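Taken from Swiss-Prot as is:
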- 426-435: DNA-binding region (DNA_BIND)
- CYS17, CYS20, CYS42, CYS45: Zn(2+) 1 binding site (BINDING)
- CYS31, CYS34, HIS55, HIS59: Zn(2+) 2 binding site (BINDING)
- LYS132: SUMO2 cross-link (CROSSLNK)
- LYS138: SUMO2 cross-link (CROSSLNK)
- 70-122: domain 'SANT' (DOMAIN)
- 356-443: domain 'SWIRM' (DOMAIN)
- SER6: phosphoserine (MOD_RES)
- 12-69: zinc finger (ZN_FING)
Amino acid sequence: MDRLGSFSNDPSDKPPCRGCSSYLTEPYIKCAECGPPPFFLCLQCFTRGFEYKKHQSDHTYEIMTSDFPVLDPSWTAQEEMALLEAVMDCGFGNWQDVANQMCTKTKEECEKHYMKHFINNPLFASTLLNLKQAEAAKAADTAIPFHSADDPPRPAFDSLLSRDMAGYMPARADFIEEFDNYAEWDLRDIDFVEDDSDILHALKMAVVDIYHSRLKERQRRKKIIRDHGLVNLRKFRLMERRYPKEVQDLYETMRRFARIVGPVEHDKFIESHALEFELRREIKRLQEYRTAGITNFCSARTYDHLKKTREEERLKRTMLSEVLQYIQDSSACQQWLRRQADIDSGLSPSVLMASNSGRRSAPPLNLTGLPGTEKLNEKEKELCQVVRLVPGAYLEYKSALLNECHKQGGLRLAQARALIKIDVNKTRKIYDFLIREGYITKA
(Lines of atoms letter the chains of each structure in order from A and count residues from 1; the text may use other names and numbers.)
(Lines give C-alpha, C1' and ligand atoms only; values in the text may rest on other atoms or scores of the structure.)
Protein backbone atom coordinates (compact mmCIF):
# COMPACT_ATOMS: atom_id res chain seq x y z
CA MET A 1 0.00 0.00 0.00
CA ASP A 2 2.90 2.40 0.68
CA ARG A 3 4.17 1.64 -2.74
CA LEU A 4 0.84 2.26 -4.42
CA GLY A 5 0.34 5.41 -2.37
CA SER A 6 3.34 7.04 -4.05
CA PHE A 7 2.12 6.41 -7.61
CA SER A 8 0.32 9.71 -8.05
CA ASN A 9 0.46 11.62 -11.30
CA ASP A 10 0.99 14.94 -9.52
CA PRO A 11 4.70 15.36 -8.65
CA SER A 12 3.78 17.61 -5.72
CA ASP A 13 2.00 14.64 -4.09
CA LYS A 14 5.28 12.69 -3.87
CA PRO A 15 7.91 13.34 -1.17
CA PRO A 16 10.88 15.44 -2.32
CA CYS A 17 14.33 14.08 -2.97
CA ARG A 18 16.46 14.12 0.20
CA GLY A 19 19.50 15.15 -1.83
CA CYS A 20 18.38 18.05 -4.05
CA SER A 21 14.82 18.62 -2.67
CA SER A 22 13.36 18.39 -6.17
CA TYR A 23 10.05 16.66 -6.88
CA LEU A 24 10.52 12.98 -7.63
CA THR A 25 9.63 11.55 -11.01
CA GLU A 26 9.56 7.85 -11.78
CA PRO A 27 11.69 5.94 -11.57
CA TYR A 28 13.32 6.97 -8.29
CA ILE A 29 15.14 5.21 -5.43
CA LYS A 30 13.95 4.27 -1.95
CA CYS A 31 16.51 3.18 0.67
CA ALA A 32 15.55 -0.19 2.13
CA GLU A 33 17.52 0.31 5.37
CA CYS A 34 16.69 3.91 6.35
CA GLY A 35 13.41 5.02 7.85
CA PRO A 36 10.87 5.74 8.95
CA PRO A 37 10.35 8.23 7.46
CA PRO A 38 11.25 6.69 4.08
CA PHE A 39 14.41 7.95 2.43
CA PHE A 40 13.86 8.82 -1.26
CA LEU A 41 16.47 9.88 -3.82
CA CYS A 42 16.23 10.91 -7.44
CA LEU A 43 18.38 9.06 -10.00
CA GLN A 44 20.89 11.93 -10.25
CA CYS A 45 21.61 12.00 -6.49
CA PHE A 46 21.69 8.20 -6.38
CA THR A 47 24.31 7.99 -9.16
CA ARG A 48 26.48 10.59 -7.33
CA GLY A 49 26.44 8.39 -4.22
CA PHE A 50 24.65 10.93 -2.01
CA GLU A 51 25.04 10.23 1.72
CA TYR A 52 23.23 11.96 4.58
CA LYS A 53 23.53 11.22 8.31
CA LYS A 54 22.87 7.48 8.72
CA HIS A 55 22.27 6.88 5.03
CA GLN A 56 25.24 5.37 3.20
CA SER A 57 25.72 4.88 -0.51
CA ASP A 58 26.17 1.12 -0.10
CA HIS A 59 22.73 0.56 1.50
CA THR A 60 20.32 -1.77 -0.21
CA TYR A 61 17.72 0.04 -2.25
CA GLU A 62 14.46 -0.39 -4.12
CA ILE A 63 13.54 1.10 -7.48
CA MET A 64 10.15 2.81 -7.26
CA THR A 65 8.17 2.68 -10.49
CA SER A 66 4.56 2.15 -11.42
CA ASP A 67 5.26 0.62 -14.80
CA PHE A 68 3.78 -2.77 -13.89
CA PRO A 69 0.28 -4.29 -14.06
CA VAL A 70 -1.91 -4.61 -10.98
CA LEU A 71 -5.43 -5.67 -11.94
CA ASP A 72 -5.19 -5.95 -15.72
CA PRO A 73 -2.15 -6.81 -17.90
CA SER A 74 -2.87 -3.86 -20.20
CA TRP A 75 -3.19 -1.34 -17.36
CA THR A 76 -0.18 -0.16 -15.35
CA ALA A 77 -0.36 0.90 -11.73
CA GLN A 78 0.16 4.50 -12.80
CA GLU A 79 -2.85 4.28 -15.10
CA GLU A 80 -4.92 2.71 -12.32
CA MET A 81 -4.15 5.66 -10.04
CA ALA A 82 -4.80 8.10 -12.88
CA LEU A 83 -8.21 6.49 -13.50
CA LEU A 84 -9.22 6.77 -9.84
CA GLU A 85 -8.11 10.40 -9.69
CA ALA A 86 -9.98 11.20 -12.92
CA VAL A 87 -13.19 9.60 -11.63
CA MET A 88 -12.81 11.57 -8.41
CA ASP A 89 -12.30 14.83 -10.32
CA CYS A 90 -14.85 14.37 -13.14
CA GLY A 91 -17.47 12.24 -11.43
CA PHE A 92 -18.69 8.70 -11.96
CA GLY A 93 -20.28 8.27 -15.40
CA ASN A 94 -18.51 11.22 -17.01
CA TRP A 95 -16.28 8.86 -18.99
CA GLN A 96 -15.48 11.27 -21.81
CA ASP A 97 -13.83 13.77 -19.44
CA VAL A 98 -12.17 10.90 -17.57
CA ALA A 99 -10.60 9.68 -20.81
CA ASN A 100 -9.53 13.21 -21.74
CA GLN A 101 -7.77 13.61 -18.39
CA MET A 102 -6.01 10.23 -18.67
CA CYS A 103 -4.93 10.75 -22.33
CA THR A 104 -3.93 7.06 -22.72
CA LYS A 105 -7.32 5.28 -22.73
CA THR A 106 -10.65 5.75 -24.50
CA LYS A 107 -13.89 6.38 -22.64
CA GLU A 108 -15.11 2.84 -23.42
CA GLU A 109 -11.92 1.34 -21.98
CA CYS A 110 -12.17 3.52 -18.87
CA GLU A 111 -15.80 2.59 -18.23
CA LYS A 112 -15.27 -1.13 -18.86
CA HIS A 113 -12.16 -1.32 -16.68
CA TYR A 114 -13.69 0.67 -13.80
CA MET A 115 -16.94 -1.33 -13.77
CA LYS A 116 -15.10 -4.64 -14.00
CA HIS A 117 -12.40 -4.12 -11.39
CA PHE A 118 -13.84 -1.54 -8.96
CA ILE A 119 -17.61 -2.10 -9.01
CA ASN A 120 -18.26 -5.74 -9.93
CA ASN A 121 -14.98 -7.20 -8.70
CA PRO A 122 -15.58 -10.12 -6.28
CA LEU A 123 -12.23 -9.24 -4.67
CA PHE A 124 -13.94 -6.35 -2.86
CA ALA A 125 -16.95 -8.39 -1.75
CA SER A 126 -15.43 -8.94 1.72
CA THR A 127 -14.76 -5.31 2.55
CA LEU A 128 -15.44 -3.97 6.02
CA LEU A 129 -18.62 -2.25 4.85
CA ASN A 130 -20.05 -5.44 3.37
CA LEU A 131 -19.10 -7.38 6.50
CA LYS A 132 -21.02 -4.87 8.62
CA GLN A 133 -24.00 -5.14 6.28
CA ALA A 134 -23.87 -8.94 6.52
CA GLU A 135 -23.84 -8.77 10.32
CA ALA A 136 -26.76 -6.36 10.27
CA ALA A 137 -28.67 -8.70 7.95
CA LYS A 138 -28.29 -11.53 10.47
CA ALA A 139 -30.06 -9.51 13.14
CA ALA A 140 -33.82 -9.74 13.33
CA ASP A 141 -35.63 -7.04 11.43
CA THR A 142 -37.54 -4.65 13.64
CA ALA A 143 -40.55 -2.68 12.56
CA ILE A 144 -39.88 1.01 12.05
CA PRO A 145 -42.89 3.12 13.00
CA PHE A 146 -43.99 5.41 10.20
CA HIS A 147 -46.12 8.45 10.76
CA SER A 148 -47.43 10.18 7.68
CA ALA A 149 -46.66 13.87 7.73
CA ASP A 150 -48.98 16.36 6.09
CA ASP A 151 -47.42 18.80 3.69
CA PRO A 152 -47.22 22.37 5.00
CA PRO A 153 -50.33 24.30 3.93
CA ARG A 154 -49.81 26.34 0.78
CA PRO A 155 -52.90 28.55 0.54
CA ALA A 156 -53.51 30.76 -2.47
CA PHE A 157 -52.34 34.33 -2.17
CA ASP A 158 -54.85 36.69 -0.52
CA SER A 159 -57.12 33.79 0.43
CA LEU A 160 -58.80 33.51 3.83
CA LEU A 161 -56.36 30.82 5.01
CA SER A 162 -53.42 32.90 3.79
CA ARG A 163 -54.65 35.85 5.84
CA ASP A 164 -55.14 33.57 8.86
CA MET A 165 -51.51 32.47 8.47
CA ALA A 166 -50.32 36.11 8.26
CA GLY A 167 -48.99 35.56 4.75
CA TYR A 168 -46.65 32.74 5.78
CA MET A 169 -44.88 31.01 2.86
CA PRO A 170 -43.92 27.45 3.91
CA ALA A 171 -41.61 26.83 0.95
CA ARG A 172 -39.49 29.84 1.98
CA ALA A 173 -40.18 29.60 5.72
CA ASP A 174 -40.84 33.33 5.73
CA PHE A 175 -43.66 35.86 5.66
CA ILE A 176 -44.80 38.01 2.76
CA GLU A 177 -44.86 41.03 5.04
CA GLU A 178 -42.35 41.09 7.89
CA PHE A 179 -42.99 42.35 11.37
CA ASP A 180 -41.87 46.00 11.51
CA ASN A 181 -41.73 45.81 7.74
CA TYR A 182 -40.38 49.34 7.21
CA ALA A 183 -37.44 49.13 9.61
CA GLU A 184 -34.98 49.41 6.72
CA TRP A 185 -36.34 52.80 5.68
CA ASP A 186 -34.44 54.51 8.50
CA LEU A 187 -31.14 53.36 6.96
CA ARG A 188 -31.72 54.33 3.37
CA ASP A 189 -30.20 57.83 3.71
CA ILE A 190 -27.31 56.90 6.02
CA ASP A 191 -23.84 56.99 4.49
CA PHE A 192 -20.60 56.75 6.45
CA VAL A 193 -17.95 59.14 5.12
CA GLU A 194 -14.57 60.15 6.47
CA ASP A 195 -15.56 63.82 6.90
CA ASP A 196 -18.25 63.01 9.49
CA SER A 197 -17.81 64.61 12.88
CA ASP A 198 -17.67 62.45 15.98
CA ILE A 199 -21.20 63.42 16.99
CA LEU A 200 -22.62 62.66 13.54
CA HIS A 201 -20.73 59.36 13.40
CA ALA A 202 -22.07 58.40 16.84
CA LEU A 203 -25.59 59.34 15.75
CA LYS A 204 -25.36 57.12 12.66
CA MET A 205 -24.01 54.23 14.76
CA ALA A 206 -26.94 54.66 17.16
CA VAL A 207 -29.38 54.40 14.25
CA VAL A 208 -27.65 51.20 13.09
CA ASP A 209 -27.82 49.77 16.63
CA ILE A 210 -31.54 50.55 16.77
CA TYR A 211 -32.01 48.80 13.43
CA HIS A 212 -30.17 45.73 14.75
CA SER A 213 -32.43 45.64 17.81
CA ARG A 214 -35.50 45.77 15.53
CA LEU A 215 -34.11 42.89 13.49
CA LYS A 216 -33.57 40.88 16.68
CA GLU A 217 -37.18 41.53 17.70
CA ARG A 218 -38.35 40.39 14.26
CA GLN A 219 -36.37 37.15 14.55
CA ARG A 220 -37.59 36.61 18.11
CA ARG A 221 -41.20 36.80 17.01
CA LYS A 222 -40.56 34.42 14.12
CA LYS A 223 -38.94 31.94 16.47
CA ILE A 224 -41.89 32.06 18.87
CA ILE A 225 -44.36 31.52 16.02
CA ARG A 226 -42.42 28.55 14.63
CA ASP A 227 -41.57 26.93 17.98
CA HIS A 228 -45.14 27.08 19.27
CA GLY A 229 -46.78 26.12 15.97
CA LEU A 230 -48.78 29.33 15.61
CA VAL A 231 -48.53 29.53 11.83
CA ASN A 232 -51.65 27.49 11.08
CA LEU A 233 -54.15 29.26 13.31
CA ARG A 234 -57.03 26.92 12.48
CA LYS A 235 -55.07 23.83 13.48
CA PHE A 236 -53.84 25.56 16.62
CA ARG A 237 -57.40 26.40 17.69
CA LEU A 238 -58.54 22.87 16.88
CA MET A 239 -55.90 21.42 19.20
CA GLU A 240 -56.91 23.90 21.88
CA ARG A 241 -60.53 22.72 21.75
CA ARG A 242 -59.64 19.20 22.80
CA TYR A 243 -59.30 20.43 26.39
CA PRO A 244 -62.26 20.87 28.74
CA LYS A 245 -63.72 24.34 29.19
CA GLU A 246 -61.85 24.95 32.44
CA VAL A 247 -58.49 24.02 30.88
CA GLN A 248 -59.27 26.15 27.82
CA ASP A 249 -59.66 29.18 30.10
CA LEU A 250 -56.28 28.40 31.66
CA TYR A 251 -54.81 27.93 28.19
CA GLU A 252 -56.09 31.35 27.16
CA THR A 253 -54.63 32.94 30.29
CA MET A 254 -51.23 31.25 30.01
CA ARG A 255 -50.86 31.99 26.30
CA ARG A 256 -49.25 35.36 27.03
CA PHE A 257 -46.52 33.61 29.06
CA ALA A 258 -45.68 31.11 26.30
CA ARG A 259 -42.98 33.41 24.95
CA ILE A 260 -41.11 33.23 28.25
CA VAL A 261 -40.84 29.45 28.48
CA GLY A 262 -40.09 27.00 25.69
CA PRO A 263 -42.83 25.25 23.71
CA VAL A 264 -42.19 21.88 25.36
CA GLU A 265 -42.33 23.34 28.87
CA HIS A 266 -45.52 25.25 28.02
CA ASP A 267 -47.22 22.14 26.63
CA LYS A 268 -46.14 20.11 29.66
CA PHE A 269 -47.64 22.74 31.95
CA ILE A 270 -50.98 22.71 30.12
CA GLU A 271 -51.05 18.90 29.88
CA SER A 272 -50.30 18.56 33.59
CA HIS A 273 -53.21 20.84 34.48
CA ALA A 274 -55.48 18.99 32.05
CA LEU A 275 -54.50 15.74 33.77
CA GLU A 276 -55.13 17.35 37.16
CA PHE A 277 -58.60 18.41 36.02
CA GLU A 278 -59.39 14.89 34.79
CA LEU A 279 -58.19 13.40 38.07
CA ARG A 280 -60.26 15.84 40.11
CA ARG A 281 -63.35 15.06 38.03
CA GLU A 282 -62.76 11.32 38.41
CA ILE A 283 -62.25 11.70 42.17
CA LYS A 284 -65.49 13.68 42.41
CA ARG A 285 -67.32 10.95 40.49
CA LEU A 286 -65.92 8.24 42.78
CA GLN A 287 -66.87 10.27 45.84
CA GLU A 288 -70.42 10.48 44.50
CA TYR A 289 -70.47 6.69 44.15
CA ARG A 290 -69.13 6.24 47.67
CA THR A 291 -71.73 8.66 49.07
CA ALA A 292 -74.42 6.57 47.37
CA GLY A 293 -72.97 3.43 48.99
CA ILE A 294 -71.56 1.98 45.75
CA THR A 295 -68.34 -0.04 46.09
CA ASN A 296 -67.84 -1.60 42.63
CA PHE A 297 -67.97 -0.41 39.03
CA CYS A 298 -70.71 -2.84 38.05
CA SER A 299 -73.07 -1.12 40.48
CA ALA A 300 -71.71 2.24 39.31
CA ARG A 301 -72.89 1.56 35.75
CA THR A 302 -76.37 0.73 37.06
CA TYR A 303 -76.30 3.91 39.14
CA ASP A 304 -75.36 6.03 36.10
CA HIS A 305 -78.15 4.46 34.03
CA LEU A 306 -80.75 5.11 36.73
CA LYS A 307 -79.46 8.64 37.22
CA LYS A 308 -79.84 9.34 33.51
CA THR A 309 -83.36 7.93 33.59
CA ARG A 310 -84.28 10.15 36.54
CA GLU A 311 -82.97 13.20 34.65
CA GLU A 312 -85.11 12.34 31.64
CA GLU A 313 -88.18 11.88 33.85
CA ARG A 314 -87.50 15.22 35.50
CA LEU A 315 -87.39 16.90 32.07
CA LYS A 316 -90.70 15.34 31.11
CA ARG A 317 -92.29 16.64 34.30
CA THR A 318 -91.20 20.16 33.38
CA MET A 319 -92.76 20.01 29.89
CA LEU A 320 -95.93 21.66 31.18
CA SER A 321 -93.99 24.83 31.95
CA GLU A 322 -92.70 24.81 28.39
CA VAL A 323 -96.10 24.51 26.76
CA LEU A 324 -97.45 27.42 28.79
CA GLN A 325 -95.42 29.88 26.74
CA TYR A 326 -97.19 28.63 23.57
CA ILE A 327 -100.70 28.66 25.05
CA GLN A 328 -101.60 31.95 23.35
CA ASP A 329 -100.45 30.75 19.89
CA SER A 330 -102.55 27.77 18.78
CA SER A 331 -100.38 26.87 15.77
CA ALA A 332 -97.19 26.96 17.84
CA CYS A 333 -98.88 24.90 20.53
CA GLN A 334 -100.01 22.27 18.02
CA GLN A 335 -96.52 22.12 16.54
CA TRP A 336 -95.00 21.66 19.99
CA LEU A 337 -97.45 18.89 20.86
CA ARG A 338 -96.70 17.05 17.61
CA ARG A 339 -92.97 17.34 18.32
CA GLN A 340 -93.39 15.91 21.81
CA ALA A 341 -95.53 13.07 20.47
CA ASP A 342 -92.90 12.19 17.91
CA ILE A 343 -90.18 12.30 20.58
CA ASP A 344 -92.21 9.93 22.76
CA SER A 345 -92.64 7.60 19.79
CA GLY A 346 -88.85 7.34 19.37
CA LEU A 347 -88.07 9.88 16.62
CA SER A 348 -85.08 12.13 17.20
CA PRO A 349 -85.61 15.91 17.15
CA SER A 350 -83.24 16.30 14.21
CA VAL A 351 -85.33 13.93 12.07
CA LEU A 352 -88.48 15.70 13.16
CA MET A 353 -87.19 19.15 12.26
CA ALA A 354 -86.03 17.91 8.89
CA SER A 355 -89.45 16.44 8.11
CA ASN A 356 -91.42 19.47 9.32
CA SER A 357 -89.28 22.16 7.77
CA GLY A 358 -90.28 21.19 4.24
CA ARG A 359 -86.97 22.46 2.89
CA ARG A 360 -85.09 20.49 0.30
CA SER A 361 -81.75 19.02 1.36
CA ALA A 362 -78.67 20.77 0.03
CA PRO A 363 -77.01 19.17 -3.01
CA PRO A 364 -73.72 17.29 -2.51
CA LEU A 365 -70.63 19.46 -2.34
CA ASN A 366 -68.51 19.61 -5.50
CA LEU A 367 -64.91 18.77 -4.49
CA THR A 368 -63.36 19.60 -7.85
CA GLY A 369 -60.35 21.84 -7.39
CA LEU A 370 -60.59 22.05 -3.61
CA PRO A 371 -57.22 21.71 -1.81
CA GLY A 372 -56.67 18.37 -0.09
CA THR A 373 -59.05 16.38 -2.32
CA GLU A 374 -56.21 14.24 -3.65
CA LYS A 375 -55.45 13.05 -0.10
CA LEU A 376 -58.92 11.48 0.33
CA ASN A 377 -60.00 8.02 -0.68
CA GLU A 378 -63.32 7.39 -2.40
CA LYS A 379 -65.29 6.84 0.80
CA GLU A 380 -63.90 9.98 2.37
CA LYS A 381 -64.76 11.97 -0.74
CA GLU A 382 -68.32 10.66 -0.58
CA LEU A 383 -68.55 11.64 3.09
CA CYS A 384 -67.30 15.18 2.40
CA GLN A 385 -69.80 15.55 -0.44
CA VAL A 386 -72.75 14.40 1.67
CA VAL A 387 -71.77 16.33 4.80
CA ARG A 388 -70.72 19.33 2.66
CA LEU A 389 -67.34 19.61 4.33
CA VAL A 390 -64.23 20.86 2.52
CA PRO A 391 -61.38 18.30 2.42
CA GLY A 392 -58.93 20.54 4.31
CA ALA A 393 -61.26 20.90 7.29
CA TYR A 394 -62.08 17.17 7.23
CA LEU A 395 -58.39 16.24 7.33
CA GLU A 396 -57.83 18.55 10.30
CA TYR A 397 -60.83 17.10 12.17
CA LYS A 398 -59.71 13.56 11.36
CA SER A 399 -56.18 14.23 12.60
CA ALA A 400 -57.48 15.75 15.83
CA LEU A 401 -59.82 12.81 16.50
CA LEU A 402 -57.09 10.26 15.73
CA ASN A 403 -54.62 11.96 18.07
CA GLU A 404 -57.17 12.15 20.86
CA CYS A 405 -58.17 8.50 20.34
CA HIS A 406 -54.57 7.34 20.51
CA LYS A 407 -53.99 9.46 23.58
CA GLN A 408 -57.10 8.28 25.48
CA GLY A 409 -57.19 4.71 24.14
CA GLY A 410 -60.65 5.32 22.72
CA LEU A 411 -63.05 8.15 21.92
CA ARG A 412 -66.63 8.89 22.84
CA LEU A 413 -69.04 10.96 20.75
CA ALA A 414 -69.25 13.59 23.47
CA GLN A 415 -65.48 14.01 23.38
CA ALA A 416 -65.57 14.33 19.60
CA ARG A 417 -68.23 17.04 19.81
CA ALA A 418 -66.19 18.93 22.40
CA LEU A 419 -63.12 18.66 20.20
CA ILE A 420 -64.55 19.89 16.90
CA LYS A 421 -67.06 22.69 17.38
CA ILE A 422 -69.19 22.26 14.27
CA ASP A 423 -72.76 21.10 13.64
CA VAL A 424 -73.48 18.12 15.91
CA ASN A 425 -75.03 16.15 13.04
CA LYS A 426 -71.87 16.54 10.96
CA THR A 427 -69.77 15.55 13.96
CA ARG A 428 -71.89 12.43 14.43
CA LYS A 429 -71.48 11.43 10.77
CA ILE A 430 -67.71 11.97 10.88
CA TYR A 431 -67.47 10.04 14.16
CA ASP A 432 -69.56 7.12 12.86
CA PHE A 433 -67.55 7.04 9.62
CA LEU A 434 -64.20 6.87 11.44
CA ILE A 435 -65.55 4.14 13.73
CA ARG A 436 -66.92 2.16 10.80
CA GLU A 437 -63.68 2.42 8.81
CA GLY A 438 -61.54 1.42 11.80
CA TYR A 439 -59.66 4.71 12.19
CA ILE A 440 -60.74 5.15 15.81
CA THR A 441 -62.34 2.98 18.49
CA LYS A 442 -65.10 3.69 20.97
CA ALA A 443 -64.08 4.39 24.54
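The backbone N, Cα and C atoms fix where each Cβ goes, and this holds for glycine too.
On the structure: features taken from Swiss-Prot.
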{"residue": "CYS17", "record": "Zn(2+) 1 binding site", "DSSP class": "coil"}
{"residue": "CYS31", "record": "Zn(2+) 2 binding site", "DSSP class": "strand"}
{"residue": "CYS42", "record": "Zn(2+) 1 binding site", "DSSP class": "coil"}
{"residue": "HIS55", "record": "Zn(2+) 2 binding site", "DSSP class": "strand"}
- Message: Return the count of C-beta atoms lying within 10 angstroms of the C-beta of CYS17 (Zn(2+) 1 binding site), excluding that atom itself.
- Response: 22
- Query: Tell me which residues of the chain lie with their Cβ under 8 angstroms from that of CYS42 (Zn(2+) 1 binding site), as long as they are six or more apart in sequence?
  - Reply: CYS17, GLY19, CYS20, SER22, LEU24, THR25, TYR28, ILE29
- Item | Inter-residue C-alpha distance, CYS45 (Zn(2+) 1 binding site) and HIS59 (Zn(2+) 2 binding site) (nearest angstrom) | 14
- Item | Sequence-remote partners of the DNA-binding region (426-435) [C-beta within less than 8 Å, at least six residues beyond its ends] | 379-380, 383, 386-387, 389, 394, 397-398, 401-402, 411, 413, 416-417, 420, 441-442
- Task: Count the residues of the DNA-binding region (426-435) that DSSP assigns to helix (H, G, I), to strand (E, B) and to coil, and report the three numbers in that order.
- Result: 10 helix, 0 strand, 0 coil
- Message: Quick check on the domain 'SWIRM' (356-443): DSSP residue counts for helix, strand, coil, in that order please.
- Response: 53 helix, 2 strand, 33 coil
- Query: In the structure shown, which of the binding-site residues CYS20, CYS31, CYS34 has the fewest other Cβ atoms within 10 Å?
  - Reply: CYS20
- Query: In the same chain, which residues outside the set CYS31, CYS34, HIS55, HIS59 have their CB within 8 A of the centroid of the CB atoms that define the Zn(2+) 2 site?
  - Reply: ALA32, GLU33, GLY35, PHE39, LYS54, GLN56, TYR61
- Item | Residues close to Zn(2+) 1 site centre defined by CYS17, CYS20, CYS42, CYS45, Cβ within 8 Å | PRO16, ARG18, GLY19, SER21, SER22, LEU24, LEU41, LEU43, GLN44, PHE46, PHE50
- Query: Taking the Cβ of HIS59 (Zn(2+) 2 binding site) as centre, how many other Cβ atoms lie within 10 Å?
  - Reply: 14
- Query: Including all protein chains shown, what's the count of other C-beta atoms within 10 A of the C-beta of HIS55 (Zn(2+) 2 binding site)?
  - Reply: 16
